[in-house]
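Feature list (source: Swiss-Prot):
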type	residues	note
MOD_RES	Ser81	phosphoserine
MOTIF	88-97	motif 'Nuclear export signal'
MOD_RES	Ser89	phosphoserine
REGION	145-308	region 'DNA-binding region'
DOMAIN	407-557	domain 'SF3 helicase'
BINDING	Gly433, Pro434, Pro435, Asn436, Thr437, Gly438, Lys439, Ser440	ATP binding site
CROSSLNK	Lys514	SUMO cross-link
Amino acid sequence: MADSKGSTSKEGFGDWCILEADCSDVEDDLGQLFERDTDSDISDLLDNCDLDQGNSRELFHQQECKQSEEQLQKLKRKYLSPKAVAQLSPRLESISLSPQQKSKRRLFAEQDSGLELTFNNEAEDVTPEVEVPAIDSRPDDDEGGSGDVDIHYTALLRSSNQKATLLAKFKQAFGVGFNELTRQFKSYKTCCNHWVVSVYAVHDDLFESSKQLLQQHCDYIWVRGIDAMSLYLLCFKAGKNRGTVHKLITTMLNVHEQQILSEPPKLRNTAAALFWYKGCMGPGVFTHGPYPEWIAQLTILGHKSAEASAFDLSVMVQWAFDNNLFEEADIAYGYARLAPEDSNAVAWLAHNNQAKYVRECAMMVRYYKKGQMRDMSMSEWIYTRIHEVEGEGQWSSIVKFLRYQEINFISFLAALKDLLHSVPKRNCILFHGPPNTGKSSFGMSLIKVLRGRVLSFVNSKSQFWLQPLGECKIALLDDVTDPCWVYMDQYLRNGLDGHFVSLDCKYRAPMQTKFPPLILTSNINVHAETNYRYLHSRIKGFEFKNPFPMKADNTPQFELTDQSWKSFFTRLWTHLDLSDQEDEGEHGESQRAFQCSARTANEHL
C-alpha cells in the first residue's frame, strides 16, 4: 500500500475507473455481429428499389423561365423609361442610396486610334434622364395640406439642376421667363430697394400671412401664386442685399434657400413694367401701397411722359429768374434736382446739349436781372431787397456801433442820404481808421443786404476790373492802399463825381455809364494827405477809432446783420428821403410778376 499515491477513497469505492474489460463468450460469433449491425437504428440507409425517370423536364423548364425573367428585367432596366417606373411608385423611385456620378473628362487626350476612348466615354457619359412628374395646381385657400407640399419637395430634390427646374416651373406658371423680368446681381452683397422674389412650394397659410407681414418692411407689395410658384415684387423701405432678403423670406415662409429665386427688377424695361402694371388688375393678385416710381413713369400717362415731349428753355430761364440763380453750376444742380417734379427738367436731362442750355439760361437770367435793376429806382431797389430778408432785427445796434466809434449819427445819416441819391461830389463815403475797428464788417454788411458788388484792386492790371460797376446799384472797394489812391486820383475823378464815364467791358464796346454809390474802406485818411487834395471834395470820410468789441463767447457785441439793416431802413425810410412805395403801386393796383416764359393755354388770366 506504500506505492499507492494520492488519497484513498472511502470504503466500497477503491477504484474510480474501470481498468479491465470483462470478456464475454457470446460476442465471439461473427455472424451474430453482422446480423446485429444490419438491424441497427439507422435503417433503410440504402435504397435498393428500381430507378425511374421522374419529373426532370419540369425542373429544367422552371430554371429556363427564371433565367429568361432575369434577362428581361435587365433589358427593361436598360431601355425602359423611368417614367413608367415613377408612375408605379413615385416615392420609391425618388429614394436613392448612392449619389449620381458625373461624367469624367480627361485633361489630356491620348494619342491612339480613339476606339478605346470612345467606348469608355460612352460608358461613362451615359446618365439617366430624370423626368419630373407633373404637379397638381395650388389648391384653393380653404383646401390643401402637407401632402402636396411634400410632393413639391420631392420633385425639387429629384432634379439634378434645381435652379433650372425652378426657372422652368416659373415660366410654365406665369408664361414669362424669370430673367425677362429681372436683371442679374452676381454679388450677394449688392444692395437694392426693389427685389423680385419667386418661391417654390410654399404652404398656403404661410403664403397668406406673408401678405400682411411684409407690409411693415415694404412700401409696395405685389404678390401672386400660381400652381406651386409664388411671385413677389417687394419695394423695401431701405436697401437690402440678396442675403438679407433670403433670410427674411426663409424665416417668414419656412422654406429653404434652394427654393428661392431673387433678382432686382428691370427698371427701364417697358414690357417688364407692363407685366407688373397689368398683373395687379387680374384675379388672385394682392397689392399694397402706391405704384413705384419706375412703374408709374413707364406705364402711367401724365406730365412725365405725354407732356414731356420737348424741352422749353424759357421755362428753365423763368425758374432760374424766380430763384435768383445766376451761376451756371447753381442752375444745373438745382434744375436737375427738380426733375422728379417738373416735366421740363426731365426733358432737359434727356437732352444731349445740357451744358449749352445751362450757359444760355445763365446768360438770359443775367440780362433780365440787369434790365430789371436798371428799371428800378434806388428806393424800389432797397424796398425789394429788404423785403426779401426774413426775420426782424434791431436798428439800434447800428446806431450804437456808430456812437461807439464816436461818429455823429446825424452827419452819417445825411451822408448816407446823399450817397443813395447819387448827389454829385457826394457819391462816395470813406471809412478810415486803425485796423481791427470794424470798417470792413460795417461796409460788407451794407453791401450784402443791398446786393452790391465788391471791387478788388488786385485785378487792376486788367482793364476790365471796373466792369462790375456797370452791373450794380452800390459797390464797395475794400482796403484802399497808396497805389489805389494814386490810381483813383489819376483816373477816377469823374467817376467819383457821379458823372458819365466810358467803362470798358469784356467782349463789348466801351459803355457810357455812371458810377453807382461807392463805399471805401482804408487805413489811410485821405483828407490828411496833401498828395490827394483833388479827392478831398469828392469823398466824405468817417473815422473808426475804437477796436471792434467782442463778447466773452467771441461773438460781435453789435449785430450788423441783414435783419438789423432791414429795421434800419424801415425805421429811417422818410429820413433818407426815399420814395413812398404806395405811390409806385405796391398797395394800389395789382402788378403782375415778371414773366419771361410763354403763357400756357390753361393759365389763369
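Yeah, the Cβs are placed from backbone N, Cα and C, and that goes for glycine too.
Neighbouring residues of the recorded ATP site, listed in sequence order and excluding Gly433, Pro434, Pro435, Asn436, Thr437, Gly438, Lys439, Ser440, comprise Thr521, Asn523, Phe544, Pro547, Phe548 (Cβ within 8 Å of the Cβ centroid). Lys439 (ATP binding site) sits 25 Å from the residue listed as 'SUMO cross-link', taking the CA atoms of both as reference points. Neighbour counts were taken at the CB atom with a 10 A radius for the binding-site residues Asn436, Thr437, Ser440; the maximum falls on Thr437.
Reduced to three states, the DSSP call for Ser440 (ATP binding site) is helix. In this structure the alpha carbons, written CA, of Thr437 (ATP binding site) and Lys514 (SUMO cross-link) are 31 Å apart. Long-range Cβ proximity for Gly438 (ATP binding site), meaning a same-chain Cβ under 8 A and a gap of 6 or more residues, is found for Phe401, Gln405, Phe544, Phe548, Phe558, Leu560. With a 10 A radius on its CB, Pro435 (ATP binding site) counts 10 other CB atoms from all the protein chains.
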